[in-house]
Structures are given as C-alpha cells and as structure tokens.
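Peer 1: Structure in structure tokens, see below.
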Amino acid sequence: MNVGGEHYRTIWLKPGDDRTVQIIDQRPLPHTFVIEDLASSDAMARAIKEMHLRGAGLIGAAAGWGMYLAALEAPQSSLEAFLGYLHEAGEKLKKTRPTAVNLEWAVDRQLREIASRAQTPAEGVQVARATAQAIADEDAEFCRRIGEHGVKIIEEIYEKKGDTVHILTHCNAGWLAFVDYGTATAPMYEAQKRGIPIHVWVDETRPRNQGARLTAWELVQQGVPHTVVADNVGGHLMQHGLVDLVITGADRVTRCGDVANKIGTYLKALAAADNGVPFYVALPSSTLDWSICDGVAEIPIEQRGEEEVKYIQGLHEGEVKRVLLTPPESPAANYGFDVTPARLVRGLITERGVAAASEAGLLELYPERR
Ligand code: MRU
C-alpha cells in the first residue's frame, strides 16, 4: 500500500543484499516511519516476540523469511545437520507468539518444502528462499481477493441504504498486519476504489492501541474517512444505528468457525448480535486451524507483560514517550486475544469467497479438507 505516495509491502528481501530481510518497524508508528534490517533468525524471532512486526499474516510471512535466514546460518556440512538446525530454529520461531496459527503454519510449510525438495544444504537455502517469497506473495494475493469478495457485502448495504456505509473495525487487520492490502481493510480499500462512500469507526484497541496507532495511520495514508473511538464506544454506536457492518481480522479460526482475534472482539460481536448489525471476519486460509473445533477450549491465548497495560505510549514534544497510567503498585493482567463463537459471526470472508462460520460452510469452500 502507499506511504507518502510510494508503494510498500511490510516485509521484503533487502535489494542488493540477499542475507538481510527488511521490515517496517511498527513500534514507532504513527509518528515515525522506520525500516529495520534483520539479518539472523534470532533477530527475526525477537522482532516477532517484541512486536516490531505483528498481525497474523505478517507473522506468518516473517516466520517464512526467518526460516530462510536460519537456512543461511545452518551448518552446510551435511543435509542432516542442516535440517537439524532448521528444526531447532523453527521451534524457536514457533515459541515467540502462540495465538496466530500462521506462525506455525509457515514454519511447518518451510520444513516440509525443504525436506521434500532439497538434496543438499545449498539446495535447501534456495528452497527456503523461494518458499519464503511464495508465502509472502500468496499472502498479498489472498488479501487482494478477500477485498474483492468482501466489497460485495459493502456494495449490497450501499445499494439498500444509498448513503455512506459505516464500518466498525477492531485492532489492525490492515496491510501492516499482512504483506499487503490487509484482511478487514481490503474490502474497504476496494470499496474506496469503486467509489462507494464509506466511513470507518476505528476501535483504539487497548492495551497496545493497534487501532489508534496503526489502522488510523493506514487509513490516513490511503485517504479513507475514519474516526478513532475508545474501545467501549462500539455498543453505543450500534444502538444508535451508526454502524452498518463490523469487519474484523482473525488470528486463528477453527474448522467450526470460532474466531480468535484481538482482545475485545468478542464484546463487539455480542453488541453486534444484540443490535442486528452484521459481524464479519476476514481471513486468509493460512489462519484456519483445521485441527480444532472449540475455540474457547482449544485456542491458546497469549498473555503478555503487564507493562503494556500499565503504560501508554504517545508523542510528547516531538518525542515518543511512555507514561505510567496506573498506581505503580497495581498489578495488571494482559490477555492478548479472545474467542468469538461461530454463532455470533455472520460470515467468514476468505480468498475463496464468503463462508458461513461453520464446519459445513468452510468445507464448502475448502472441499480438499473433507
Ligand atoms: O497482537 P497482534 O497485534 O499481533 O494481534 C493481531 C492482530 O492484529 C489482530 O488480532 C487482528 O485483528 C488480526 S491479525 C491480522
């Protein structure tokens, strides 16, 4: 997508240096745009864990490139030693963040491809590079298609209403959370391209404020009308007919259609159900976890450090600063995600179309999983 008129993806191999991966460092956004070099699998693991980059699709792409960096570091003496190193690096990457399934999906895809296509470590490096690029390209293409499918929902509302479509979103499932386009935002960008008037309510998304900092910044870059609201405003907006549609992203969706997404999503889905507002979730198939059904019982929910809740970050006299919000001695709990049961989800917008949030609905779009 565009930043200051230039097209960027969120992750790429550094031009002229194929041992370094570059990312947009999301920590100083929206105030400063920084590109960071990552030249080892450990550096990539740290960048994922400490959230220099984040978002389900991008974490998957980063794991793909992390495995390529691991392949460059791995012993080249024998295929066995090479694969052993890659397995260890894959385990390290998988441990960085537990909820978004894209991470383990990408590591496992790399290990499968390398094991089945490489006869030597040198070939392994080439396979790892091609696979990392394929994961990233596929993520971008799938998000583009999600936009094409999702825009039909916006179009339909616009045709009935004949006026601006108000869409509420939570967290950042925009292009910063993927390689390009985003998931929840892709239908919005497509609507904008087609001249459908939209306005986006952006939940601030405490504690890390991915909505206020990242989604709002993206929408500014793309010129999409939006308003940032505190997390608890959504229910009020819905009661007053100010939301036509909710679209969020997802970090893991079970085969039965339960959705793990950023903490607070479940409350938005409850408010949407109570007010008859359609609640959609947009995701690429790399976010589907076919091995589980009951999301509440089976999806691991990341708990992060309490400082993210106790402190807030912002710009003060030109400098990005963190300030303490709570009494210093108050403990805080920091649950990163919650699970929205399938019954509250009107539909899952995927790269293959919109599925009902159920096993039958997903299998109709992905019959190869039967
Ligand atoms: O903790 P994060 O920022 O990596 O959380 C992931 C998310 O951005 C959201 O949950 C998002 O809505 C879905 S992932 C694109």
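Even glycines carry a Cβ here, placed using N, Cα and C.
According to TrEMBL, the substrate binding site annotation covers R54, G55, A56, R97, Q210, N261, K262. Under the heading site 'Transition state stabilizer', TrEMBL lists C171. Among the features that TrEMBL reports, active site, proton donor is placed at D251.
Map the listed features onto the structure and describe their local environment.
Peer 2: Counted within 10 Å of its Cβ, the other Cβ atoms near A56 (substrate binding site) come to 30, all protein chains included.
DSSP gives C171 (site 'Transition state stabilizer') a coil state; it is part of no helix or strand.
Sequence-distant neighbours of D251 (active site, proton donor) (same chain, 6+ apart, CB under 8 A from its CB) are A56, T99, A100, V101, N102, A260, N261, K262, T287, F337.
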Peer 1: Between R54 (substrate binding site) and C171 (site 'Transition state stabilizer'), what C-alpha distance do you get in Å?
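Peer 2: Counting only the Cα atoms, the answer is 11 Å.
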Peer 1: Determine the Cβ neighbour count for Q210 (substrate binding site): the number of other Cβ atoms within 10 Å of its Cβ.
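Peer 2: Cβ-Cβ neighbours of Q210 (substrate binding site) within 10 Å number 27.
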Peer 1: Could you round the CA separation between G55 (substrate binding site) and C171 (site 'Transition state stabilizer') to a whole angstrom and send it over?
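Peer 2: That comes out at 9 Å between the alpha carbons.
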Peer 1: Including all protein chains shown, what's the count of other C-beta atoms within 10 A of the C-beta of R97 (substrate binding site)?
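Peer 2: A count of 23.
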Peer 1: How would DSSP class K262 (substrate binding site) in three states?
Peer 2: strand
Peer 1: Quick one: pull the CA-CA distance for C171 (site 'Transition state stabilizer') versus Q210 (substrate binding site), whole Å only.
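Peer 2: C171 (site 'Transition state stabilizer') to Q210 (substrate binding site), Cα-Cα distance: 5 Å.
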